[in-house]
Amino acid sequence: MKLELRGITKRFGDLVANDRIDLTFEPGRIHALLGENGAGKSTLMNVLYGLYTPDEGQILVNSEPVEFAGPGQAMAAGIGMVHQHFMLVPVFTVAENVVLGHEPTGPLGLIGLDRARALVRDISARFGFDVDPDALIEDLPVGVQQRVEIIKALSRDAEVLILDEPTAVLTPQETDELIEIMRQLRDAGTSIVFITHKLREVRAIADEITVIRRGKVVGTATAQDTEAELASLMVGRAVSLGVEKAPAQLADGEFTVSGLVVTDAVGRRVVDDVGFTVRGGEVLAIAGVQGNGQTELTEAILGLRTPIAGSIVLDGTELTGLSVNDVLDSGVGFVPEDRSTDGLIGSFSVAENIILDQHDRPPYARGIAMDLRVVRERSEAFVEEFDVRTPSVEAPISTLSGGNQQKVVLAREMSRPLKLFIASQPTRGLDVGSIEFVHKRIVAERDHGTPVIIVSTELDEVMALADRIAVMYRGKIIGIVGGDVDRDVLGLMMAGVAPESAEQEAAEHPTLLHEADVIADDQQSEEPS
Amino acid sequence: MSQLANPRLTPDGLLDEKAMAPVSWRTPIILGVISIVGLLAFVIFTHPGRISRIVVSRSADAIQIGTLHLPSQGSALVLLVVAFGLTGLSFWATLNRRRLGVIPIAFGIVMLFAFLIWAVAGNTGGLPLPLLLSTTITAAVPLVFGALAGVLCERSGIINIAIEGQLLAGAFLCVVVSSATGNPYIGLIAAPIAGALVGLLLAVFSIKYRVDQIIVGVVLNVLVLGLTNYLFSTVLTQNPQGLNNPPRMPSFAIPGLSEIPVIGPALFNQTVIVYVMYVVVAVLQVMLFRSRWGLRVRAVGEHPKAADTVGIKVNRTRYRNVVLGSAIAGFGGSAFVAAALPFTKEVSAGRGYIALAAMILGRWSPTGALAAALLFGFADSLNRVLGNIGSPVPYELLAMLPYLATIFAVAGLVGRIRPPAAEGKPYP
Amino acid sequence: MTQEPENPESPVVPEQDPGTGARGNRDATRPDDQWLRDAMHRMLTSNWLVTLLAIVAALVISGVLIAIADEDVREASTYFFARPLDTVSAAWNSVAGAYASLFRGAVFDFQAPTLARAIRPITETMVAATPLIFAALGLGMGFRSGLFNIGAQGQVLMGAAAATYVGITWSLPVVVHVVMAVIAAMVVGGLWAGIAGFLKARTGASEVIVTIMLNWIAIWLVTYLLTTTVLRQGGSRPISPAVGENARLPLLFGEGFRLHWGFLLALGAAALVWWLMERSTIGFKFRAVGANMDAARTAGINVNMIFVFVMVTAGILAGLGGAAQILGTDKTLQAGSAGSIGFDAITVALLGRSRPLGTVLAALLFGALRAGSPLMQTVSNTPIDIVLVIQAVIVLFIAAPPLVRSIFFLPSPDRPRRVKEVAA
């Protein structure tokens with residue numbers, strides 16, 4: 001099936017999210033849509049999937065114009081989508097999720113669950129998936145959930161499959177498997193639309209590459225283009241792909257976690273006997289696939305969760321059992337992984353968000369009376385220092401862009417003397433400019449002698465920032481390795497393989513991306529600089 | 001507990017996640033405390049030598065069973081021994097990480113009987129069991145319909161606090177229409193229409209205008225109360241003969257079933273409203289959990305965006321469910337006036353809120369709602385019966401029981417309660 | 001995690017324009033000439049206009065009901081097609097008569113023989129508004145803190161019962177007695193509401209359900225206590241004796257008027273609540289928890305403590321409302337003493353948009369409806385129940401500004417925040 005977009009324009013108020021976009025997706029091709037966060041890729045795909053109605057332009061299926069009033073019609077036309085945030089009902093089984101919306105029914109509209117299970121088993125067998133049709137979604141790891149999403153799309157005979165940032169939740173080895181599936185589908189004649197901002201993956205997989213910037217198509221590229229070329233096309237200027245940092249200078253501070261056990265609401269050990277030490281002046285990155293206990297670990301350190309065993313010691317002070325307030329007071333700065341949920345209060349002003357954790361102490365308050373003049377003056381200074389683009393400190397934070405919101409969080413957390421700095425997914429959803437800013441501030445904090453913990457599921461970020469890397473898997477730390485470790489080794493560790501066997505395994509079975517990297521490095525070294 | 005703190009105690013290093021969950025001793029402890037209180041109240045600090053009489057058959061029944069004469073203290077002691085046994089069993093089950101299953105329910109029934117025997121000890125008339133059961137059904141019917149309305153709305157993600165208003169509106173229109181036409185069945189058709197209208201307002205305000213659902217519900221209750229009060233004081237009082245004089249709804253005995261001793265007459269010699277209730281509960285239970293419609297409704301209530309992305313119209317589903325559910329509540333309102341009772345101000349008297357409680361206690365399932373509503377109906381009916389025969393417990397204190405039970409339920413003292421995830425949130 | 005996080009919006013005013021939000025510090029820190037322009041801007045686009053139009057719409061709808069229920073109108077409508085003007089004029093007469101008597105009973109009785117009698121209605125409105133202000137202030141605080149306290153009814157009743165108990169059983173000197181009775185009401189009201197806050201904090205139990213259930217428990221409890229010697233001293237009816245002279249709130253304008261010190265206390269409470277919510281660290285915490293509980297928790301605010309604190313404060317205020325009703329107005333307690341104060345207070349808080357000034361004005365409006373309705377009933381035969389309808393319709397309308405705007409053909413204001421949401 002050939003799918004074309006002609007002159008698609010989508011506006012939200014004054015913001016033009018898609019500006020006259022033309023694209024053609026041919027059957028049997030993997031078409032990568034490359035663009036940084038906020039470039040308008042997801043909006044475009046939501047238009048294509050019938051979730052948004054375009055303001056202008058046409059969608060053509062096999063050269064016939066079509067209009068999608070909703071995802072149902074898009075699906076009927078043969079378009080399937082694997083969303084970045086999985087569209088699965090957590091309390092339903094795999095089979096129920098797969099058939100939802102096109103249920104096989106018997107008399108009285110009762111669902112033929114046996115047929116649903118057979119459908120799941122059938123598709124799983126075709127692609128070598130191991131998915132139990134009767135498992136509840138909420139009990140499955142994210143990698144498996146993604147397969148359920150793919151099964152869901154395939155069960156509807158999708159001829160165009162859109163994958164929205166599909167590798168964000170996968171290890172390199174799982175990414176390999178996904179690439180294998182994509183190729184298998186392509187060879188069977190499916191058009192694959194692969195949305196990403198990761199340059200290395202694009203180069204390894206894509207048959208065609210279209211780059212989108214600020215809602216416009218700015219060009220096409222091929223897998224032969226270098227990462228630097230792709231990056232400058234994507235961002236619109238030359239960008240440095242790495243983070244510049246000097247070797248770690250260890251300082252006095254020391255933060256130690258030992259034997260930490262945290263359970264969830266139903267009593268499962270989500271953090272299981274975790275221990276590590278971070279010294280002042282170094283960055284320890286905690287890597288791992290999303291949902292392996294990293295969130296709970298940081299929440300336990302901050303005092304949001306009470307561990308059932310273990311200790312957390314900062315410069316000789318025990319932090320377990322302290323309230324969040326006391327933990328913050330003992331010099332911990334914390335950037336939560338989800339800034340809109342945990343980091344900011346959307347309806348509060350920039351100023352109020354900047355003083356959120358300091359509002360009840362001098363200089364902002366005397367007794368219980370707040371001094372609004374001081375609040376305003378101080379927050380204006382921070383806005384200046386952290387380059388937050390806002391009309392005023394009185395503007396509601398929700399009107400700011402993601403990058404500026406994250407700068408407000410950083411301003412709040414870094415604006416007092418720190419003995420420990422923890423940042424969870426510090427650059428999730430940010431544009432490249434903001435990512436560079438955030439990374440610089442983190443490195444500066446490290447160079448200032450503060451112990452820094454970065455929790456990230458993005459291997460690129462982990463490898464760029466870390467002096468040492470701890471990999472978490474199912475609540476345990478699989479191993480702690482140096483910052484210069486091989487990506488494939490990290491990937492295997494993220495899948496639960498111990499460091500020693502991971503190194504051996506990685507050497508024997510390098511991933512596709514790894515091989516592509518080697519070739520790319522060779523090419524780059526051949527190019528005259 | 002020390003075992004839990006140290007994972008190294010397991011020899012092979014592999015931890016069974018389930019087995020490592022911290023044990024909750026809450027239920028066994030609660031059962032134990034209740035048992036001790038029961039022992040003190042019903043056995044130790046009670047008048048010895050009294051007899052508890054329990055009337056099992058009515059004179060009209062086909063099969064006659066004589067009145068039971070039980071020695072109060074002795075019978076209570078026996079039941080308490082059983083209760084302590086069940087408590088012990090629950091401790092054992094908790095220690096061995098087994099599910100408690102029906103233990104708490106069995107315990108509840110045993111303690112209930114112990115209470116009944118104590119409450120009627122020495123009473124010459126005795127406890128009229130058939131009356132108790134038939135009034136239980138009568139009291140439970142509006143609660144069941146109201147709770148089903150709640151289930152239908154909340155399963156699709158809309159909180160329905162307006163059950164009270166829907167019951168009241170149903171009762172009002174049922175009275176007016178059946179009085180005006182002289183036919184009780186036409187009133188039964190009118191009642192759900194009134195409920196559905198209230199539901200439509202709830203749906204429009206909460207879905208289209210995205211007003212907070214709790215607010216709309218509370219305000220709609222005030223609105224319906226004001227409207228029915230106002231129309232009662234004006235139109236109905238101006239013409240009570242023609243508009244507030246509903247005919248009696250006849251009862252039908254189902255041959256065979258209605259002759260079962262004790263429960264037969266209560267369950268199977270009833271008005272058509274009660275039979276509709278049985279059918280609706282059964283149909284909804286099956287449809288909600290086995291049918292395509294039910295799967296879609298639950299998907300909309302749990303994760304509307306996921307439902308949307310597979311082509312299910314979220315808000316259309318919600319509109320339908322709210323209107324349908326509210327119609328069911330409206331139908332339930334007719335139960336207040338089925339016995340040829342005229343409409344009075346606030347005839348629903350807060351039953352809608354108890355129905356809400358029954359829905360929660362029944363964990364958002366039709367059969368659960370039925371069970372909880374029957375329990376509340378029983379409490380209500382027992383209270384009246386005990387009031388009539390002279391009870392040792394003040395009426396007002398027993399009347400609090402359903403509300404207390406609900407608070408205990410939502411506070412998680414009787415297990416985890418998990419409402420539909422998208423409940424109360426407008427979409428998109 | 002397959003679900004996207006959602007920002008909990010303010011539960012009370014879902015349509016709220018970010019520009020007219022609650023951030024008081026903005027007003028304080030603005031340049032001096034700005035406030036006038038702001039005021040103009042607010043007048044034209046804001047909630048006030050919507051509120052006014054909602055009231056108008058509600059009066060029109062209720063007018064239709066009044067006309068329908070009027071026998072003269074219905075009689076005239078039987079020959080509507082012959083002489084339609086008869087119906088119209090009959091309807092006009094009935095509606096105008098009803099609203100005129102409502103005005104006379106609630107604001108100013110222009111037919112009264114003396115000035116004192118003429119202005120007495122407005123003081124009656126204040127009397128009726130007093131418990132509403134107290135209870136609605138507490139509810140409004142709760143709403144802004146993200147807590148749906150439906151339990152003002154029970155809290156008012158428990159406060160009233162406590163005040164009555166102290167008022168009838170203790171014997172204390174002037175001033176001390178009334179102060180003790182008021183404090184008892186505050187303590188009991190606060191504790192009663194605190195149950196819901198505590199359960200929410202400890203177990204996550206929905207405060208909506210718990211407070212609804214506590215309302216009924218309070219009613220049965222007070223009904224029970226009225227059968228015992230705790231609240232009843234002899235007599236066969238379930239009604240308490242009158243509270244002692246010393247326990248009464250003094251009258252403001254002497255015997256001719258029922259207006260008592262409770263009204264001034266209520267205004268004082270409103271001012272205090274304003275300061276607390278807008279200028280104090282406590283209010284900052286309350287608002288933070290209400291706007292985004294998770295972010296508040298991550299920033300070190302003890303959210304569970306705030307739940308308890310908010311509920312207790314709301315209960316104290318509701319308890320004060322109960323005390324004002326008994327010690328100032330009723331003097332004796334019955335199971336129905338709280339009337340529908342608790343539920344009316346919900347509508348008052350909503351109409352007042354959970355702000356102290358708005359709450360006072362809304363309470364005066366609904367108090368006026370309460371105070372004026374008896375005269376309306378006697379003069380124009382319109383049952384007082386119409387007041388409930390007016391109240392409910394007003395609140396429904398103000399909760400849905402787009403509906404009001406479309407009824408009155410007003411342009412809808414820009415809603416930048418929604419656009420942002422979609423784009424994200």
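Even glycines carry a Cβ here, placed using N, Cα and C.
In TrEMBL, annotation is done automatically, which means it is predicted and not curated.
Owing to the predicted nature of the structure, the values given are computational and were not obtained by experimental measurement.
The annotation transmembrane segment is assigned in TrEMBL to B:28-47 (among others). For the transmembrane segment (B:28-47), the list of distant contacts is 72-73, 76-77, 79-80, 83-84, 86-87, 90-91, 94, 103-104, 107, 111, 114-115, 117-118, 121-122, 413: same-chain residues at least six beyond its ends, Cβ to Cβ under 8 Å.
Sequence annotations record features per position, and here TrEMBL assigns transmembrane segment to B:76-95 (among others). Long-range Cβ contacts of the transmembrane segment (B:76-95) within its own chain (Cβ-Cβ under 8 Å, at least 6 residues beyond either end) map to 23-25, 27-28, 31-32, 34-35, 38-39, 42-43, 46, 101, 103-104, 106-107, 110-111, 113-114, 117-118.
What TrEMBL records for B:102-121 (among others) is transmembrane segment.
As annotated by TrEMBL, transmembrane segment applies to B:127-151 (among others).
Per TrEMBL, the feature transmembrane segment maps to B:158-179 (among others).
The transmembrane segment annotation in TrEMBL covers B:185-207 (among others). Proximity of distant same-chain residues to the transmembrane segment (B:185-207), defined by a Cβ-Cβ separation under 8 Å and at least 6 residues beyond the stretch ends, is recorded for 149, 153, 158, 160, 162, 165-167, 169-179, 213, 216-217, 220, 223-224, 246, 249, 272-273, 315, 318-319, 322-334, 337, 426.
What TrEMBL lists as transmembrane segment is B:214-232 (among others).
Positions annotated as transmembrane segment by TrEMBL: B:272-289 (among others).
The annotation transmembrane segment is assigned in TrEMBL to B:322-341 (among others).
Same-chain residues lying 6 or more positions outside the transmembrane segment (B:353-376) and placing a CB less than 8 Å from one of its CB atoms are 136-137, 139-140, 142-151, 154-155, 160-161, 163-164, 167, 280-282, 284-285, 288-289, 329, 332, 402-403, 405-406, 409-410, 417-420. Among the features that TrEMBL reports, transmembrane segment is placed at B:353-376 (among others).
According to TrEMBL, the transmembrane segment annotation covers B:397-417 (among others).
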Using a cut-off of under 8 Å between C-beta atoms, tell me which stretch among B:102-121, B:127-151, B:158-179, B:214-232, B:322-341 contacts the transmembrane segment (B:272-289) the most.
B:127-151
If you count Cβ pairs under 8 Å, which stretch among B:102-121, B:127-151, B:214-232 touches the transmembrane segment (B:322-341) the most?
B:127-151
Positions whose Cβ lies under 8 angstroms from the transmembrane segment (B:102-121), at least six residues beyond its ends:
27, 31, 34-35, 38, 41-42, 46-47, 50-54, 70, 72-73, 75-76, 79-80, 82-83, 86-87, 89-90, 93, 127, 382, 386, 389, 391-393, 414
Residues of the parent chain within Cβ reach of the transmembrane segment (B:127-151), under 8 Å, 6 or more residues beyond its termini:
52-58, 61, 116, 119-120, 160, 163-164, 166-167, 195, 199, 262-263, 265-267, 270, 273-274, 277, 280-281, 284, 288, 325-326, 328-329, 331-333, 335-336, 348, 351-352, 354-356, 358-359, 362, 364-366, 369-370, 372-374, 376-378, 380-382, 384-385, 389
